[in-house]
Structures are given as structure tokens and as C-alpha cells.
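Feature list (source: Swiss-Prot):
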- K103: N6-(pyridoxal phosphate)lysine (MOD_RES)
- F283, D284, V285, G286, G287, G288, L289, G290, V291, D292, Y293: substrate binding site (BINDING)
Amino acid sequence: MNDNIARKMQQTYNITYWGGGYYCANNRGNISVCPNPDVPEATLDLTELVKQVQEEHSHLRLPALFCFPQILQHRLRSINAAFHRARESYGYKGDYFLVYPIKVNQQRRVIESLINAGEPLGLEAGSKAELMAVLAHANMTSSVIVCNGYKDREYIRLALTGEKLGHKVFLVIEKMSEIKMVLEEAERLEVIPRLGVRARLASQGSGKWQASGGEKSKFGLAATQVLQLIDTLRQAGRLDSLQLLHFHLGSQMANIRDIATGVRESARFYVELHKLGVNIQYFDVGGGLGVDYEGTRSQSDCSVNYGLNEYANNVIWAIGDACDENELPHPTVITESGRALTAHHTVLISNVIGVERNEFTAITPPAEDAPRPIASLWETWEEMQTKGNSRSLREWLHDSQLDLHDVHTQYVHGMLSLTERAWAEELYLNICRHIQYDLDPSNRAHRPIIDELQERMSDKFYVNFSLFQSLPDAWGIDQLFPVLPIEGLDKPLDRRAVLLDITCDSDGIIDHYVDGDGVETTMPMPAYDPEYPPMIGFFMVGAYQEILGNMHNLFGDTAAVDVYLDEKGNLTYQLSEEGDTVADMLQYVKLNPAVLLERFRTQVKNAQLDKALQEQFLTEFESGLYGYTYLEEEE
């Protein structure tokens with residue numbers, strides 16, 4: 001395979017842009033990963049990786065997450081470097097800290113890989129459980145701890161304990177009811193609290209996550225409440241404790257203009273708070289830094305029209321400009337960019353377990369006295385074989401669709417046989433295929449027909465995974481993730497396909513796919529070879545998906561492999577999660593596996609079966625209880 005074909009693969013699946021330098025097509029027709037783009041020669045073929053891990057760990061079954069902690073560290077360095085350049089470029093005198101909100105992915109490998117990257121990093125918690133995890137890791141980071149979310153006294157005491165232990169812990173006031181508890185608990189612990197305030201902005205982004213920002217946001221104080229908070233702290237003699245201003249526009253901000261507008265509005269809060277005597281030293285712009293899941297570099301919900309440098313420049317310039325205009329000190333800037341840190345580092349890889357294809361066979365003419373809709377379908381087919389016919393492709397399609405509808409109606413009323421229905425459906429597929437060949441993608445009038453027929457004629461690939469467990473955002477909010485075969489892409493991509501999971505739910509289907517510089521409802525695929533079914537990669541699933549996944553049909557967490565590649569290309573990895581067993585999932589819903597096994601044993605004994613068959617049934621049942629929840633290939 002030559003470089004031209006590799007470039008075509010890059011373009012077909014738009015890997016160059018969503019891959020971010022971490023993923024690319026290689027000259028074997030497979031997909032490779034580069035955990036550290038600073039060392040571009042150190043790459044790893046994903047197909048070979050899966051085979052090697054399975055050879056050395058025979059119990060590893062697909063689906064499995066393949067995680068690359070070095071990508072996390074590279075993302076951290078890249079974001080920090082972008083803000084360093086922005087501060088130098090604009091003469092910004094304040095510091096900068098990237099804070100990781102662990103809600104994005106609380107896995108130990110994520111937190112500790114980021115902390116051990118050798119870069120400044122803070123941690124953010126939004127619950128008591130998360131705060132306990134953060135405090136336990138606090139001695140490993142020299143930055144700040146930000147405490148967001150709703151708080152009770154236990155949460156507040158935990159945060160103040162961290163401050164008492166010498167950490168820089170900010171309790172961000174989200175509701176006015178919190179400040180009374182904070183002041184009371186601080187007095188009991190004899191500690192000066194370090195406070196922040198989350199201001200609710202009028203500015204709001206657009207897209208799937210816009211509700212997390214703006215005036216209707218779940219969290220934050222309105223302008224009048226901010227003033228009340230200041231009065232409360234002044235009366236308590238604790239106004240100097242209020243040191244951090246926090247706001248949040250929304251997650252995955254697609255448009256840089258929305259970010260710039262929001263930062264400028266928040267900068268006015270900074271100015272006004274200083275006028276009121278509040279010495280704000282930290283400016284937390286929250287989340288919003290998006291990633292380009294589509295690779296379209298656009299304002300689409302699953303894309304972004306900016307890069308790291310432009311984001312950093314807009315944030316630093318807006319804050320610095322407001323400070324300079326009002327002769328105020330430059331505060332330390334904080335961003336909570338969890339998605340941008342984690343999305344790229346994880347790939348879900350699974351196997352295709354079956355394919356439903358539209359097979360085209362020669363059609364025999366119907367009987368002379370065939371029912372009208374069947375005869376009409378055949379007339380359309382014969383017309384299409386005659387060159388120079390004046391009817392349009394669109395007209396042929398519409399006529400055949402109407403005839404097929406009549407066939408189905410007459411079948412329901414008992415007027416047509418099953419054989420006649422099958423014949424009509426087969427002929428309709430042949431008509432669609434014939435029309436599809438004659439359509440011109442450059443003709444705008446043909447484009448809707450092309451899309452319609454691609455969906456109708458596409459192959460159905462059944463993949464061994466649960467959409468609800470592994471890609472919950474694809475189901476819940478129709479988020480797009482890059483999906484493609486990780487092997488066999490040197491073959492002609494002359495088929496269109498949709499991917500379906502193995503749950504008993506009609507929602508278990510991926511609706512949108514990256515296709516070139518756009519998004520389609522089907523994806524390009526090579527012809528399916530049942531002897532060598534391709535493995536499918538679901539990319540950029542490192543943010544939120546692991547923790548949001550649910551247990552629909554009792555499909556559990558997948559296995560996970562942490563992979564490291566040094567500068568010389570030497571590979572090391574560890575199986576960090578073996579994946580949930582059936583017994584694990586049954587216990588989640590309070591079904592005791594031992595009790596179930598005993599009840600099954602009783603049924604088998606009472607069935608008066610041959611003893612050898614009894615033993616076989618019991619062995620299979622027990623083996624299944626402690627086996628993988630996903631489909632397993634027979635040895």
C-alpha cells in the first residue's frame with residue numbers, strides 16, 4: 001500500500017483533523033496511534049496491539065478500552081504551553097493553572113497520569129466522593145483544589161480540612177444557603193476559609209450543553225445574590241476570604257465568539273468586584289474548551305472552529321484588557337478543561353459479530369396476470385433498462401416506492417402471498433441500486449436521493465458492544481464520535497454501512513458518522529469478508545463515557561488496557577480492568593449468583609436428564625455466570 005492510499009484513508013474518515021496528531025492511517029491499511037506527537041516516529045498499529053495483548057492475555061475479550069495515558073500528558077503540556085504563549089504575547093502578568101474536573105473521568109489512571117506529568121495542575125471536585133479522591137491525591141500536586149457543586153456540612157468540613165492541612169482549597173459558593181454553613185464550620189475548625197463565587201452570566205453558548213451556562217443555569221449566583229454575598233462576608237469580617245471569581249459558559253463550546261463574549265462579560269464582574277473592595281486574585285473561566293469530534297473545524301455541536309492557541313489568546317486578552325483599562329492587577333487565570341484533556345486518550349475496540357447485507361440477484365418476470373402493484377414495479381424496471389427514456393431518476397424512485405407501499409398494503413389484507421411480497425422487495429432493491437449508480441453527487445438535486453438510498457441500501461454491521469454502556473452520549477444527546485474499522489482499509493471502500501450494538505433496544509444504533517469533511521448517516525466500508533471480519537474502533541471516548549455508561553440489558557464495564565510506548569517504540573501495557581462478569585452485573589441488581597446457581601441446579605436435577613447432560617448444563621451455567629457479559633467467540 002502506498003502513501004497515496006494512506007492519504008485517501010485520512011481524507012475519507014477525516015482522521016487528520018479529529019485525530020489531533022494522535023491517530024493516523026498507516027501503509028498497511030490499518031489505524032495507528034501516536035501517544036506522543038512530539039515523537040512522531042513512535043507509533044503503534046492498533047490491530048497489532050490488540051492481537052499481541054490477546055496472545056499474551058488469552059482471557060482478554062473484546063470489547064475492550066485501549067487507553068493511552070501519554071496522550072493525557074501531551075494534552076496537558078499542550079494546553080499549558082498555549083496559555084504560556086498567550087501570556088507572553090499579551091504581556092499578561094498573572095499566572096495560569098489548568099484544573100482537571102475529575103467528574104469527566106475519575107479513573108485512577110487518568111488522575112495519576114495527569115498529576116505525574118510534571119506540569120502544574122489543579123483538581124476540581126463536585127461531590128463529597130470526588131473531594132475525598134482529590135484530597136487523597138493533594139500531596140501529589142502543588143496547585144489548587146476547586147470545590148464546586150452542592151455542599152452540605154460534611155462536604156464543607158472536608159474542604160476546610162484540606163485547607164487546614166496546608167492545601168489551597170477554594171470553596172466556590174453556588175447557593176446563598178452555603179455561606180452560613182461555611183462560616184460556621186470554619187470557625188469550629190479555626191481555619192480561615194478560601195472562598196470563590198460562581199457568577200451566573202447572561203452570556204450563553206449554543207449546542208448540546210448550552211443549558212449548563214447562561215441565566216437559567218443550574219448553578220451560580222445572580223448579580224443581586226453576588227451583592228448579598230459580599231455584604232454577608234463584610235459583616236462577618238471575612239471579605240478578604242473571597243479570592244476567586246468563577247463562571248461557566250457551557251461544555252464543548254463550538255464557537256470562539258461565544259467564548260470571547262462570555263469572558264468579556266465575566267471580566268466586568270472582576271472589575272466591579274474590585275470596585276466593591278473584593279480582592280479577587282483568581283479568575284476561573286470554567287470549562288468550555290471543546291474538541292473536534294467531527295474534524296470539520298466548524299460551529300457544529302460536535303466540532304469547534306478554533307484551536308488551543310486561539311482559545312488561550314481570547315481568554316488572556318479579554319481578562320488582561322479589562323484589567324489594564326481599569327488599572328487592576330492581572331489575576332491568576334484558571335480553566336477547567338476536562339474534555340480537552342481526556343477525550344483523545346481512549347479508544348473502544350470491538351469485533352463485528354454479523355452483517356446483514358442487501359444481496360442482489362437476477363429477477364424473473366412476474367406472471368402475466370400479476371397483481372397491479374407487482375406488474376407496475378416490473379414496468380418501472382423494464383423502463384430503466386431502456387436508454388433514452390424521458391422519465392427522471394426521481395420519478396422512477398417515487399413510483400417504485402408507491403408500488404412497494406401498495407404491495408405491503410395488499411399483503412396485510414391477504415391479497416398477496418409471502419412469495420409475492422419477497423419478490424417485490426427484491427425487485428425494489430434492484431431498482432434502488434440501479435438508480436444509485438446513475439446519481440451524480442455533484443448535482444445538488446441528486447444529493448437528497450443519494451442520502452436516502454445510502455441509508456436504504458446500507459449494510460448493517462452488528463458490533464459486540466453496548467451503545468448505552470460505552471457511548472451513552474451517542475444515545476442520550478446524539479453526540480457524534482469518530483467510528484471506523486481499524487484494519488482492512490487498503491481495500492476499496494465501496495460499501496455503505498450502519499453500526500448496531502447487541503442490546504435488545506432499537507436505540508442501539510449509531511446514527512451519524514464522520515465522512516470526509518462532513519457528517520453522514522452511513523459510513524464508507526470495505527466489502528465484508530466473513531473469514532476476516534474487521535475490528536471497529538470508537539475513538540475519542542475518554543471524556544464522560546466510562547462514568548456515564550449504564551447497565552442496559554446488564555451489559556457491564558468492558559475490559560481496559562493501559563498502553564505505553566517509549567521514544568524508541570518499545571511497548572509496555574497492563575490489563576487495568578478485566579471487565580464485569582455476569583455475576584458482577586447480577587449482584588448490582590441484588591441477584592445473588594450463588595442462589596441463582598443453586599436454583600438452576602435444583603431444576604436440572606428434577607428434570608430427570610442423563611447425568612452427563614446434567615453436568616454439562618451445570619458447568620455451562622456456572623461458567624457463564626463468571627464469564628464476560630458480552631458475546632464470546634468459542635475457543
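Glycine is treated like the rest: Cβ placed from N, Cα and C.
Overlay of Swiss-Prot annotations on the structure.
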{"residue": "K103", "record": "N6-(pyridoxal phosphate)lysine", "Cβ neighbours (10 Å)": "18"}
{"residue": "F283", "record": "substrate binding site", "Cβ neighbours (10 Å)": "26"}
{"residue": "V285", "record": "substrate binding site", "Cβ neighbours (10 Å)": "26"}
{"residue": "G287", "record": "substrate binding site", "Cβ neighbours (10 Å)": "25"}
{"residue": "L289", "record": "substrate binding site", "Cβ neighbours (10 Å)": "26"}
{"residue": "V291", "record": "substrate binding site", "Cβ neighbours (10 Å)": "22"}
{"residue": "Y293", "record": "substrate binding site", "Cβ neighbours (10 Å)": "24"}
| note | For F283 (substrate binding site) and K103 (N6-(pyridoxal phosphate)lysine), the CA-to-CA distance in whole Å is 21
| note | L289 (substrate binding site) -> DSSP, reduced to three states, gives strand
| query | Cα of Y293 (substrate binding site) to Cα of the residue listed as 'N6-(pyridoxal phosphate)lysine': how many Å, rounded? | reply | 20
